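*Asks:* Below is a structure I'd like to ask you about.
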Amino acid sequence: MSVLGKVGVVSAMTAVSRVFGLVREIVMAHFFGTTALQSAFVIAFRIPNLFRRLFGEGALGAAFIPVFAELERTEGRERAQVFLARILGLLVCALGLLVALGIAATYAVEAAVEPGGRWAVAMPLTRIMLPYALFICVAAIVSAALNVRDRFAVPSLTPVILNLCWIGALVGVCPFLGTAEARIGAVCWGILLAGVAQIFFQLPALRAVGYRLRFTFTGWRASPYVRQVLLQMGPASLGIALAQVNICLDGWLAYYGAEWAPSALEYADRIIYLPLGLFGTAFATVLLPTFSRQAAADDRPALLATLERSLRNLFVLMAPMAFGLIALAAPIVALLYQRGAFDAQSTLWTARAVSAYALGLIAFSSAKTVIPVFYAHKDLKTPVKVAAWCILGNLALNLCSVLLLPEGWRHVGIAVSTVLNSFANTGILLAILWRRGLRPALWPLAWSACRALLAAALMGLAVWWAHAWLAARGLSLFLSVPLAIALGGALYLPLARLLAPAELRELLADLPLRRRR
């Protein structure tokens, strides 16, 4: 199966998860809107997410996949099972200690801040959700093992479990609770339950590829493969820790600038992650094992061809989504969220953030495609160094946004800073690959991006005009938004055929449905 064929599998499964994730945010918006309590929940949930990115699908996952793939290829499945069990045992011990320390820290913070203040509200929620980090990281390593075996469907569906438990808590428990604080607590317990369920959901698939969920708490130091993962994980952990701390700082600065801002950014992020998860994250999931095999075989031409083709496919796919979201930001936000506690002012704040984030869809997805090239070559230091410098610039821009912009625009400045950081990060990484002799055709890639962007910009103008025309004639959002989106899709294909014919032909040739004909 081609890379795009595998991406199609991951995208289809991820689409289900993203739809459920969007439904969960719609229900969250109904119950909590952009209130201070919702923002406290957003801040609290970012703490276990930091551990997930570090020890699950982040640094440990990036270091684990190339070593696991090489070990399975050279020494067989039995040795790979021993290695997997040791990694899982080490993960449980390390994260168990960190979770315990984190829970203790929440009590210290709670004692130090003003009772009933913003930060005091977030600490009890953090305590409930911190153990989720342990469960989701075990689930993420199981997913990584399945990905090495080219099993992408079940790992891509695993996040649906989180969304189902989350929605279940919202719909099945919250209506029977009298206070907003009790309702948000029920959501936190639902998330904790989801972490356990995500592990068990993947066990049949793991057994099907010949592995078992086992935990070995000895032999870590004696295993050269565990040491190799830990050594490679070190710099990646630093880079991802910097990135995740930066995300937390974004949230904290937004919280400082306006108590509703973290909620608006989170709702916008959910909309942006629908297309990003469908394609950007799906490409990254598929490409790391592919790049790892090509790097292990020292097949540079194949690796470069895979990278360039994937980037061109992303340009054609992501550009219309970016301009479509910019054109329809406010109507989409109103259609999805504006009910219950989520009012017109919340729509305005969230739509501004959606427009800002949409500018970076190509950058976000391109970064997810380029970084696995370094990981596949077991170079986890370079992305860290580049990220560190970009994060410093991002933090400076965020501070300027919070201190200089009006309250209603501070969160927009934070979103734009994130976009600029991602563009800079991707550009620098591509330049480094070029200097090392892994030379993607940068100018042809840039020209492909420009052609796709021009076609998408023309489509975006047409979509904006079409929605305004339909709304002026009294059509409801339930009709005007889908009709405008349908028009955009119908227009983009001929525009891309006219302005980016080679890229469109390449994309259509790679589509899995077309290849089976």
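For all residues, glycine too, the Cβ spot is worked out from N, Cα and C.
Okay, so TrEMBL annotates it like this:
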type: TRANSMEM; residues: 26-45; note: transmembrane segment
type: TRANSMEM; residues: 83-109; note: transmembrane segment
type: TRANSMEM; residues: 129-148; note: transmembrane segment
type: TRANSMEM; residues: 160-178; note: transmembrane segment
type: TRANSMEM; residues: 184-209; note: transmembrane segment
type: TRANSMEM; residues: 229-252; note: transmembrane segment
type: TRANSMEM; residues: 272-292; note: transmembrane segment
type: TRANSMEM; residues: 313-337; note: transmembrane segment
type: TRANSMEM; residues: 349-374; note: transmembrane segment
type: TRANSMEM; residues: 386-406; note: transmembrane segment
type: TRANSMEM; residues: 412-434; note: transmembrane segment
type: TRANSMEM; residues: 477-495; note: transmembrane segment
*Asks:* Hey, which of 26-45, 160-178, 386-406, 412-434, 477-495 has the most Cβ-Cβ pairs under 8 Å against the transmembrane segment (184-209)?
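*Replies:* Stretch with the highest Cβ contact count: 160-178.
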*Asks:* Please tell me whether the transmembrane segment (313-337) and the transmembrane segment (477-495) touch - that is, whether there are at least 3 C-beta pairs under 8 Å between them, with each pair 6 or more apart in sequence.
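*Replies:* Contact between the transmembrane segment (313-337) and the transmembrane segment (477-495): present.
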*Asks:* How about the transmembrane segment (26-45) and the transmembrane segment (412-434): at least 3 CB pairs under 8 Å, pairs 6 or more apart in sequence, or not?
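*Replies:* Taking Cβ pairs at least 6 residues apart, the transmembrane segment (412-434) and the transmembrane segment (26-45) are not in contact, as fewer than 3 fall under 8 Å.
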*Asks:* Considering only Cβ pairs under 8 Å, which range in 160-178, 412-434, 477-495 makes the most contacts with the transmembrane segment (349-374)?
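*Replies:* Between the candidates 160-178, 412-434, 477-495, the best contact partner of the transmembrane segment (349-374) is 412-434.
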